[in-house]
Amino acid sequence: MYSNNLCLIWKLKIILRVVTHMSSAMAPVKPSGTAGPKEVELILVKEQNGVQFTSSALVSPSGQTHPSGEERETWGKKIDFLLSVIGFAVDLANVWRFPYLCYKNGGGAFLVPYLFFMVIAGMPLFYMELALGQYNREGAAGVWKICPIFKGVGFTVILISLYVGFYYNVIIAWALFYLFSSFSGELPWIHCNNTWNSPNCSDLNSTLLNDTYKTTPALERGVLHLHESSGIDDLGLPRWQLTSCLAVVIVVLYFSLWKGVKTSGKVVWITATMPYVVLTVLLLRGITLPGAIDGIKAYLSVDFLRLCDAQVWIEAATQICFSLGVGFGVLIAFSSYNKFSNNCYRNNTESCSLWFVMLCMMLRCWVFVFCLSPGPGLVFIIYPEAIATLPGSSVWAVIFFIMLLTLGIDSAMGGMESVITGLTDEFKFLHKHRELFTLFIVVFTFLISLICVTNGGIYVFTLLDHFAAGTSILFGVLIEAIGISWFYGVDRFSDDIQEMIGQRPGLYWRLCWKFVSPCFLLFMVVVSFATFNPPKYGSYYFPAWATMLGWCLSISSMIMVPLYAFYKFCSLPGSFCDKLAYAITPETEHHLVERGEVRQFTVRSHHTSSHHTAKQTRLQQFNG
């Protein structure tokens with residue numbers, strides 16, 4: 001048609017600066033950050049006979065303003081965001097817990113409930129948090145300006161991330177200690193000629209390994225010095241070796257986070273990709289070992305009868321809640337640094353695809369585990385002993401523990417970013433002092449973590465691991481899903497997504513957000529309470545006071561939901577119905593409450609008698 005025409009496409013961006021002069025009688029003034037230059041994109045096609053307008057569209061402003069009035073930082077590249085998300089989700093637990101659950105619950109059959117729950121709950125919740133953070137461009141607490149009464153759940157997830165940091169950084173310190181120990185001609189956990197070995201110690205190469213009365217050189221004595229503690233009430237002083245390693249970890253975390261996502265987005269290029277390279281190398285080495293085929297067959301054996309066991313489904317559902325990292329506020333924080341027009345649906349698809357690649361890589365890791373030794377895959381016991389049997393074991397040990405460091409660092413970075421972003425966005429004065437506030441957070445975390453590097457620190461570590469992010473994180477995600485789906489509204493949330501990416505979420509996503517995911521999470525919360533078992537470490541059972549202390553820690557984060565709701569309700573003006581209207585209405589629409597109109601409800605007042613002015617307020621569905 002246009003063979004005789006020379007077509008040139010021009011894109012003209014016209015900046016329309018709209019200055020509005022409104023009085024209280026006409027319309028309320030928009031809150032800070034909502035007004036700004038608008039861009040109109042006009043696509044012109046120049047033909048032989050003239051100029052024809054082919055299309056025009058409003059384009060979101062390229063820059064987004066932070067609520068404090070400052071320009072909000074964004075990711076340097078899109079891949080920085082994707083690597084940060086994947087790096088956080090793929091953590092140390094994927095190396096030891098996932099292989100163990102799979103081996104314990106029917107081998108490959110365990111993937112059936114796991115993938116099922118991933119589809120109906122994991123992916124929808126993942127998408128929900130990405131969209132929530134990107135649209136509101138705030139941290140875990142600030143996003144709840146869309147429904148103020150639920151802001152307490154934001155502080156819940158921030159506290160959970162902070163609590164996890166108290167002991168998660170200690171795992172990285174252990175890996176660093178092992179890394180330093182690996183730079184030797186002979187690994188120290190091979191022989192029993194160390195001062196910390198027990199009388200029953202047996203060399204790894206000894207035929208006495210199968211003797212139940214003998215033990216191999218173990219983590220508990222060589223690193224933790226657990227034999228010098230009688231229990232959680234006998235901690236002792238911090239070990240200087242582990243304290244030094246912990247300090248190095250804290251320094252690395254600080255300089256990875258102090259400048260925001262501009263620096264952390266570059267760090268993840270190493271920390272998020274290194275594990276896959278190392279796992280591939282370990283796989284290639286593992287399948288060449290004697291007995292590898294037998295180990296692989298044992299691992300890949302499928303026992304579908306295990307699917308009749310309810311516990312298998314419960315453990316699969318629990319693992320899903322932690323596999324993609326929902327509920328820690330990290331996904332909300334990371335996505336809040338995306339551009340407003342970023343396609344978060346595509347991010348969700350890409351992240352889940354990368355997660356599938358990660359799953360395949362973990363399958364490689366599992367093969368490596370079971371080629372050497374079936375069992376729980378404890379990173380600091382089974383793996384070091386297995387690596388010690390390889391030729392050139394020191395080299396393999398260095399490679400392996402570097403992988404553990406990178407796995408831990410990017411996950412720890414995500415947890416701390418959730419805390420830092422969540423609080424700096426909520427308390428605006430902190431935003432101008434991010435570097436100092438980041439220093440405060442990492443130092444505070446370091447001081448608390450010192451308890452976990454004492455002689456009896458493993459008991460504190462176990463207690464934190466058991467209570468910090470168990471039932472509480474399931475509860476937090478449940479309240480988050482209810483707040484979005486039933487109070488803010490799935491339709492409203494879908495409109496927000498359409499405003500960002502130009503299309504509404506499909507029926508599958510809306511049904512999962514509205515019904516499936518909340519029911520799933522409610523089931524998991526009930527199950528977690530019903531199946532609670534007191535913590536223990538090996539044969540050591542924690543005293544009752546320690547268990548109560550653990551529950552206090554767990555409740556301290558969950559209680560933020562009702563506490564903040566009560567505070568918010570009491571601080572709002574007006575009658576009970578007015579307070580309720582303010583509490584469930586987005587802050588940007590509070591002017592509608594003042595005029596008697598709410599997004600979901602209409603508030604009307606009238607006099608009931610000419611002799612007195614008793615005020616009655618009623619709520620009725622608002623169809624406007």
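The count begins at 1 with the first shown residue.
Heads up, the Cβ atoms here are built off N, Cα and C, so glycines get one too.
Nobody curates TrEMBL annotations by hand; they come from automatic prediction.
The shown structure was predicted, so the numbers you read here are calculated from the model rather than taken from an experiment.
Feature annotation from TrEMBL assigns signal peptide to 1-25.
For 81-99 (among others), the entry in TrEMBL reads transmembrane segment.
Residues annotated as Na(+) binding site in TrEMBL: Gly87, Ala89, Val90, Asn94, Ser323, Leu407, Asp410, Ser411.
Summarising the annotation, TrEMBL assigns transmembrane segment to 111-132 (among others).
Positions annotated as transmembrane segment by TrEMBL: 153-180 (among others).
What TrEMBL lists as disulfide bond is Cys192-Cys201.
Under the heading transmembrane segment, TrEMBL lists 240-257 (among others).
Per TrEMBL, transmembrane segment is recorded for 269-293 (among others).
Listed by sequence, the residues of this chain that lie at least six past the ends of the transmembrane segment (313-334) yet keep a Cβ under 8 A from its Cβ atoms are 81, 84-85, 88-89, 93-94, 97-98, 101, 105, 110, 113-114, 116-118, 121-123, 125-126, 129-130, 132-133, 139-140, 143, 154, 157-158, 160-161, 164, 261, 307, 355, 414-415, 417-419, 421-422, 469, 473-474, 476-477, 480, 520, 523-524, 527-528, 531. According to TrEMBL, the feature transmembrane segment maps to 313-334 (among others).
Per TrEMBL, the feature transmembrane segment maps to 354-383 (among others).
The feature transmembrane segment is assigned by TrEMBL to 395-415 (among others).
Annotation source TrEMBL lists transmembrane segment at 436-461 (among others).
When Cβ-Cβ distances below 8 Å are used as the criterion, the transmembrane segment (467-490) is approached by residues 125, 128-129, 132, 144, 146-147, 149-150, 153, 156-157, 160, 163-164, 166-167, 321-322, 326-328, 510, 513-514, 517-518, 521-522, 524-525, 528-529, 532, 535, 550-551, 553-555, 557-558, 561, 584, 586, 599-600 of the same chain, each at least six residues removed from its ends. Feature annotation from TrEMBL assigns transmembrane segment to 467-490 (among others).
Per TrEMBL, transmembrane segment is recorded for 511-532 (among others). Here the transmembrane segment (511-532) has Cβ contacts under 8 Å with residues 117, 120-121, 124-125, 128, 314, 317-318, 321, 470-471, 474-475, 477-478, 481-482, 484-486, 490, 493 of the same chain, all six or more residues outside its ends.
The annotation transmembrane segment is assigned in TrEMBL to 544-566 (among others). Long-range contacts of the transmembrane segment (544-566) within its own chain (CB-CB distance under 8 A, at least 6 residues past either end) are made by residues 149-153, 155-157, 159-160, 163, 232, 459, 463-464, 466-468, 470-472, 475-476, 479, 534-535, 583.
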Q.
If contact means at least 3 Cβ pairs within less than 8 Å, sequence distance 6 or more, would you call the transmembrane segment (81-99) and the transmembrane segment (395-415) in contact?
A. yes
Q | Distance [Cα-Cα, Å, rounded] between Asp410 (Na(+) binding site) and Cys192 (disulfide bond) | A | 35
Q: Compare the C-alpha of Cys201 (disulfide bond) with the C-alpha of each of the binding-site residues Gly87, Ala89, Ser323, Leu407, Ser411, and give the closest one.
A: Leu407
Q: Go through 111-132, 153-180, 240-257, 436-461 and flag the stretch with the largest number of C-beta pairs under 8 Å relative to the transmembrane segment (395-415).
A: 153-180
Q | Cβ-Cβ neighbours of Leu407 (Na(+) binding site) (radius 10 Å) | A | 27
Q) Which one, 111-132, 153-180, 240-257, has the most C-beta pairs under 8 Å toward the transmembrane segment (436-461)? A) 153-180
Q: Grab the same-chain neighbours of the transmembrane segment (111-132) for me: Cβ-Cβ under 8 Å, and only residues 6 or more beyond its ends, written as numbers and ranges.
A: 102, 143, 304, 307, 312-313, 316-317, 319-321, 323-324, 326-327, 331-332, 335, 344-345, 347-348, 351-352, 477, 480-481, 484, 493, 496-497, 500, 505, 509, 512-513, 516-517, 520-521
Q. Does anything in the same chain, at least 6 positions from Ser411 (Na(+) binding site), have a Cβ under 8 Å from its Cβ, and if so what?
A. Gly87, Phe88, Val90, Asp91, Leu92, Tyr168
Q.
Quick test of the contact rule: Cβ under 8 Å, at least six residues beyond the ends. What residues does that give for the transmembrane segment (240-257)?
A. 169-170, 172-174, 176-177, 180, 223, 263-264, 267, 409, 412-413, 416-417, 420, 438-439, 442-443, 445-446, 449-450, 453
